[in-house]
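Per Swiss-Prot, the features are:
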type: BINDING; residues: 109, 110, 111, 112; note: (6S)-5,6,7,8-tetrahydrofolate binding site
């Protein structure tokens, strides 16, 4: 039985940890996850999914602000390998060097493409038709370590980032376990990343503002890429309206203002983009309200009027 220290925080992390926990070839001797966050709406402490699972299964866990602070604790465990999945914190080289087989990392992109903290968002924003799960060795440089194996998959054109996340969460645990067993049993070899790297860094606040000057394909990719979180937005009458679903309608023969509402129906709010391309907004969130289909909104009181403009 191989001893593992697991580093992770997200829902994806929890799903991977869960399958590792139930696999008879592994012993989870400790888990390292991010410190609890505070929900600013109700001021309550919110543990990560990973911490909740550890409490449920009585697994030893640590929540350091910096991983190096628990070096002595981890050293005592004499684990065979570290496994990192969406940990969200820099791992010091001294921590990596504690493990005879170093620390491996599951990264949901076809490395060296989309190194960084938001590869799923940028897969959709870039309109990629294919992607991959990559198991790599953790090194000092971000997501630049040698690759053990990659598992390719097709990206559905209708997926938003939430849909892609569901796919990754369903397929990552078994792939990670397969690779971990191969690595520990020395059945295979590492290979260096080939090609020019690109980056999928965390989405900045200013990037959440959707750009009406884009062509419709890029605009729709941004809508899907920011959905369901953080949600891309447009300004209307001084309020930020989040857009969660939209589709292309047609190119208009008339000259419209950028962002102009050209039609409102149960099917959606049609607005003009650059070059008079018309898209239909189908799912939105007005400040203070829940996310709703446009068909729900137009039955009641709403601020949208043909001729007015989103910005």
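The backbone N, Cα and C atoms fix where each Cβ goes, glycine too.
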For residue 110 ((6S)-5,6,7,8-tetrahydrofolate binding site), the three-state class that DSSP assigns:
coil
Near residue 110 ((6S)-5,6,7,8-tetrahydrofolate binding site), which residues of its own chain have a C-beta under 8 A away, given they sit six or more steps off in sequence?
130, 131, 132, 134, 150, 152
Using Cβ atoms only, which residues of the same chain lie under 8 Å from residue 111 ((6S)-5,6,7,8-tetrahydrofolate binding site) while being at least 6 residues apart in sequence?
132, 134, 136, 143, 147, 150, 193, 197
Neighbouring C-beta atoms (10 Å sphere around the C-beta of residue 112 ((6S)-5,6,7,8-tetrahydrofolate binding site)):
19
Residues with Cβ closer than 8 Å to the Cβ of residue 109 ((6S)-5,6,7,8-tetrahydrofolate binding site), same chain and 6+ apart in sequence?
115, 119, 123, 131, 132, 134, 200
